[in-house]
Every structure is written in C-alpha cells, then in structure tokens.
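Asks: Sharing the features that TrEMBL gives for it:
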- 1-291: domain 'USP' (DOMAIN)
- 233-274: domain 'UBA' (DOMAIN)
- 103-130: region 'Disordered' (REGION)
Amino acid sequence: WGGGGEGDCVAPQMFKFLAGKGHPEFSTGNQQDAQEYLMHVFKVLERADRAAGLPPVHRPFNVGFEECFKDLQSGRVRYKSDVQCQLSLPIPLDRAVNTAEVSSYEERHAKRQKSSAAGAAEEDKEEPVKPRVPMEACLEAFFGEAVVDGYLSPVTGEKGVAHKRQGISAYPKYLVLHMCRYVVGDDWRPKKLDCLVPAPPTLDLSKYRAKRGGEELLPEDEPPSAAASAGPVPDASIVQQLTAMGFSENAGKRAALSVSNAGVEQAVEWAFEHNGDADFNDPVPAPGAPA
C-alpha cells in the first residue's frame, strides 16, 4: 500500500477485522474456507476500488475463459466468453496413481480395527496412505470435452448431441487454483475428498489455450425452447463449482438462480435440500414460460 515504508502496511488482525466486518461468518473467529474468504476479500476491495475510481485489485488474477459449444448435427459452433479470478478444478479420484498402495493400507486399517489395543497402537505408527491425483489429471478433467445430450439444434430443428469444451483466452499474472474437494456422495450428502494433489514445480497451460478454427457459427437466435431470454442469469462461477461437486449443469443453474447468486455455500445448501425435486436436473425455464 503506497511507497513501501514501514507505515504503509496493516496488521493481519486489523485486516481480518476490516475485511470481515458485517459478514455473518468472516467476522467471527471460526475456521474459514480459504477460497471463500479470498473471494470475499476481492469483493470488499473491488467495492472500495470502485468508490475510489481505481481499477479492481483482483485484475492481475483474472482468467479469461472461452467455451466452444459444437452442435454435432450441423457441425456449427458457438463461443461464450467469461472471466473468473480463479481456476476451480475437479479432482478425479479414479485418476489416482497409487490405488494399489491405498487399497493395501485400507485392508491393514480394517484388520487393525477388528484387533486388540495392540493393533490400534501399531496403527498410530503408520502414516495414512491417501490417494494421490496428479495436477494434470485435474486440468484434463476441467478442460476435457463434455457431452450434451438432447440438444435441440437451431439448424436442423432436431434433438441430438452437442459437445462443449473450455479453453483459456487470457492468462493471468497470478493464477489462483481452487481444488474442489467437496463432492456429492452416492447418498446425496456432501463429502470432502481426503486425497493429495501435489503441486508441480512448473505448470504448462499452453495446450489449454482457446482455439478457433474458422468454423461456421450457429445462428444467434435459437428455437424458443432453447433461447436465452432476458432475465436473471446464473453466476458462472457458482455453476462451475457445483458441477465440480457432481451436480448437473442444469441443477447448478437452478441452485444459483434460486439463491439469487448469493454465493456457493447458499447454492450448495439449496441443491442438497432440493435434489429430490422432479425437475432438479431439467433445463431452467425461460422467464415467463409456463411452469
């Protein structure tokens, strides 16, 4: 802050007090989620910067994304741009590189649980073996091609399959990586992935750069059933994090809109409360459409 002198700083406790002032969670001394706290700090600083006529402090963290949506029936594409100040990555446990070691440890752990106190003492000496997922596997899971079934083509007028893929259109000066450790279990309860994702010494993201190949674009106006009409738009970052947890994209959009884009935590709570709804995974109806 300023010229770099000893007075151009703020004590950590004072910063925490000012940044969390008025917030129901961050104003307390409870343990905080680092990613949610960072996003809150960015919002607080952005409001202050806007009032002072300054550029947003989080601009060096901004990542530009470009989604390529391809209608396989017509071969045409549509591009959609977005900017986020973080890269939220899913963790594909099935890509762990030490599954044999994990299985062996779990077998030993199960046997010791059935044994005497001596077995429990022996367990205390062994460090738990956790699944180890390479960072590259997380990147491939995020930037990989996703299949969209039942897409109504605005060109052919028939339902079919579409593909969509994310790419980076603008690289940040500083990259914030958010590992999505909370997922939806088989019982529809949230669970935290207890695994390791080692940070590589270098990270090459050049192959994930968004590319355009001179494709023919889809028409701007889609059929009424698929058209995006004026009205509330779900926050892309909230939808992204819910899909990383295992919810469908439609469910993520419904959750974000149902809580008025208030935040990830509120959207997740709504999703768990309503995952049994018959229309939970249905496309979000356009404003004014019959229920």
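Including glycine, each Cβ sits where the backbone N, Cα and C put it.
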Asks: Can you give the mean pLDDT for the domain 'USP' (1-291), rounded to a whole number?
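Replies: PLDDT averaged over the stretch: 86.
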Asks: Count up the helix, strand and coil residues in the domain 'UBA' (233-274) according to DSSP, in that order.
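Replies: Residue counts for the domain 'UBA' (233-274) by secondary structure: 31 helix, 0 strand, 11 coil.
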